[in-house]
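Enquirer: Take a look at the following structure, please.
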Amino acid sequence: MSHPEHSPLGKASAYKTQYDPSLLFPIPRQAKRDEIGLAAGSALPFFGIDLWNLYELSWLNLKGKPQVAIGTVIVPADSPNIVESKSFKLYLNTFNQTKVASSEALQQLIHHDLSEACGAPVQVRIVPQEEFARQKMGELAGLSLDRLDVETDVYQPTPGLLHADQDESPVEEVLVSHLLKSNCLVTGQPDWGSVQIRYVGAPINQEGLLKYLISFREHNEFHEQCVERIFMDIQRQCRPVKLAVYARYTRRGGLDINPFRTNFNTPWPDNLRNARQ
């Protein structure tokens, strides 16, 4: 089993410039799912994706001329593994001095290597330079929780802050906060994110929800794990009929990770780069 502390995170790394898929470091999802009460072998109470954007993607064509592109990768939430982000960056850097016949050949290589590491088929798209001008930006839609003037001193995840008024009629709401901050599981470096919560059910107390999201501020966990913890805590404490949680984290090392989890059929969220990304 690959443990996070054995990954390249927090260690001096040699930056190889020739293709080397062995640098990818998979980490099983199950250990962290055990912590939130999701037993191995049981059906997951959600489905979804981890959406990665690759902003520092470069290789050489067969004439030795550098090529640049943006990449997107979609990893299914039911894959047994995630890929540790620094190892992903180091892997992508190995293309910098590697000759590749075409962007299609590059896409196929990345698809093969990441699918092997994640233990499930992933989707890979290469956005060529000619399409850069068509890339859009946007913010998460929804009612801002950050408008609330809350007072708090709780900075570790506290599900007890969450509650819904089960005596009220069900509502359908989309709530957003830009105050999500957690820390890397291994290095403790800050991870900054925006989160969108879409639900149908008894009205969730918005002040309690905002305090709960703020409570991740000193919590050490990877992005994907934080989003699954948020999903499960809201589901258990507030019991919505439908729930979807989508977070967009700021980039590090040329990568950003945007996990999405839902328990109802809905289109995957738009991959719109936020202002902070």
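The backbone N, Cα and C atoms fix where each Cβ goes, glycine too.
Residues or ranges marked as active site, thioimide intermediate by Swiss-Prot on the basis of sequence analysis: Cys184. If you look up Swiss-Prot, you'll see Asp191 marked as active site, proton donor. The substrate binding site annotation in Swiss-Prot covers Val83, Glu84, Ser85, His223, Glu224. Per Swiss-Prot, the feature NADPH binding site maps to Ser85, Lys86, Arg252, Gly253.
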Enquirer: By a simple count, how many Cβ atoms lie within 10 Å of the Cβ of Arg252 (NADPH binding site), its own Cβ left out?
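Expert: Summing over all protein chains shown, Arg252 (NADPH binding site) has 16 other Cβ atoms within 10 Å.
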Enquirer: How long is the line from the C-alpha of Glu224 (substrate binding site) to the C-alpha of Cys184 (active site, thioimide intermediate), rounded to the nearest angstrom?
Expert: 11
Enquirer: Quick check: with Val83, Glu84, Ser85, His223, Glu224 left out, which same-chain residues have Cβ atoms within 8 Å of the centroid of the substrate site Cβ atoms?
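Expert: Output for this site, in sequence order: Ile27, Asp50, Ile82, Phe88, Phe222, Ile257.
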Enquirer: Return the residue, from the listed recorded positions Val83, Cys184, with the maximum count of other C-beta atoms within 10 angstroms of its C-beta.
Expert: Val83
Enquirer: Which ones in the same chain are close to the residue listed as 'active site, proton donor', with CB under 8 Å and 6+ residues apart in sequence?
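Expert: Listed in sequence order: Lys181, Ser182, Asn183, Cys184, His223, Cys226, Tyr249, Thr250, Arg252.
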Enquirer: How many whole Å apart are the CA atoms of Glu84 (substrate binding site) and Gly253 (NADPH binding site)?
Expert: 12
Enquirer: Measuring Cα to Cα across Val83, Glu84, Ser85, His223, Glu224, which the record gives as the substrate binders, how far apart are the two most distant ones in Å?
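Expert: Between the most distant Cα atoms of the substrate site, 12 Å.
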